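Asks: This is the structure I want to talk about, given as structure tokens.
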Amino acid sequence: MSGATIWLTGLPSAGKTTIARALAGRLRGEGHRVEVLDGDEIREFLSAGLGFSRADRDTNVRRIGFVARLLASHGVTVLVPVIAPYADTREEVRKHHQEHGTGYVEVHVATPVEVCSVRDVKGLYARQAAGQLSGLTGVDDPYEAPAEPDLRIEAHRQSVEESAGALHALLTGRGLL
Ligand SMILES: Nc1ncnc2c1ncn2[C@@H]1O[C@H](COP(=O)(O)OS(=O)(=O)O)[C@@H](OP(=O)(O)O)[C@H]1O
Ligand SMILES: Nc1ncnc2c1ncn2[C@@H]1O[C@H](COP(=O)(O)OP(=O)(O)O)[C@@H](O)[C@H]1O
């Protein structure tokens, strides 16, 4: 019952939530305590009122990092499928975990924007293309891809089960389960 935060960063529609939920199901079946801090749910409650400016995204990511660390330090495996587009802010969250001696793993769900924009789960890419939305991560807003993530998942080249399996193997190898 070690507890850790697993942050899945990547573009909208990359597969962050799908992979997190698949891994969460598997971990629960194995008897682990698991929470998925879903970006949309967080923005409805913990981060209600925040938008998508750099300052608001940073505030959102710091809040989520704080809550994830609290849960993880109590033995929960916390899966965080949240874009977190800025490298500095992701690094802050990693340091916050290190300072408290809490496990932290950064996973880059590296689906290319060409694939994400076809999947377009919430229609955001279409709305951006139609001029109805601006500031979409990876299109007309920055996404700083992690240079050295703990794991990079090519979610356009493998199944959800394979991606969840690769992450499970990493966590096991690091003694985080
Ligand atoms: N402009 C813009 N850019 C990026 N994403 C947008 C935007 N507007 C709405 N959305 C939707 O908001 C979802 C949650 O974003 P996050 O909290 O994960 O993003 S962030 O880390 O604060 O940048 C995010 O969810 P996912 O698609 O699951 O990644 C988007 O669907
Ligand atoms: N190999 C794959 N891995 C992950 N998701 C996939 C894959 N193939 C297709 N998909 C689909 O892509 C979409 C990804 O959406 P979602 O998980 O909500 O992305 P995100 O949370 O990154 O915005 C889902 O509809 C999922 O079923």
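Using the three backbone atoms N, Cα and C, a Cβ is placed for every residue, glycine included.
Curation does not apply to TrEMBL; its annotations are automatic.
Checked TrEMBL, it gives:
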BINDING   G10, L11, P12, S13, A14, G15, K16, T17  ATP binding site
DOMAIN    3-153  domain 'APS kinase'
Asks: Select one residue from L11, A14: among these binding-site residues, choose the one with the most other Cβ atoms within 10 Å of its Cβ.
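Replies: Most Cβ neighbours within 10 Å: A14.
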Asks: For T17 (ATP binding site), which residues in the same chain are close in space, meaning a Cβ under 8 Å from its Cβ, but six or more apart along the sequence?
Replies: V36, D38, G39, P81
Asks: I want to check the contact list for K16 (ATP binding site): same chain, sequence separation of six or more, C-beta distance under 8 angstroms. What comes out?
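Replies: Correct list: L8, T9, G10, P81, V82, I83, V109.
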Asks: Kindly point out which of the binding-site residues L11, A14, K16, T17 have a C-beta less than 6 Å from some atom of ligand 2.
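Replies: Only A14, K16, T17 qualify.
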Asks: Can you name every residue in this chain, apart from G10, L11, P12, S13, A14, G15, K16, T17, with its Cβ inside 8 Å of the center of the Cβ atoms of the recorded ATP site?
Replies: P81, I83, V109, T111, C116, A155
Asks: Of the binding-site residues G10, A14, G15, which ones put their CB under 6 Å from ligand 1?
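Replies: Once distances to ligand 1 are taken from each Cβ, none falls under 6 Å.
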Asks: Name the secondary structure element type, per DSSP in three states, that contains A14 (ATP binding site).
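Replies: Its secondary structure by DSSP: coil.
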Asks: What's the most sparsely packed of the binding-site residues G10, G15, counting other C-beta atoms within 10 A?
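Replies: The binding-site residues G10, G15 were compared, and G15 has the fewest Cβ atoms within 10 Å.
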Asks: Counting every protein chain present, what is the number of Cβ atoms, excluding its own, within 10 Å of the Cβ of P12 (ATP binding site)?
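Replies: Its Cβ shell of radius 10 Å holds 23 other Cβ atoms.
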Asks: Taking every residue in the domain 'APS kinase' (3-153), what is their average pLDDT?
Replies: 97
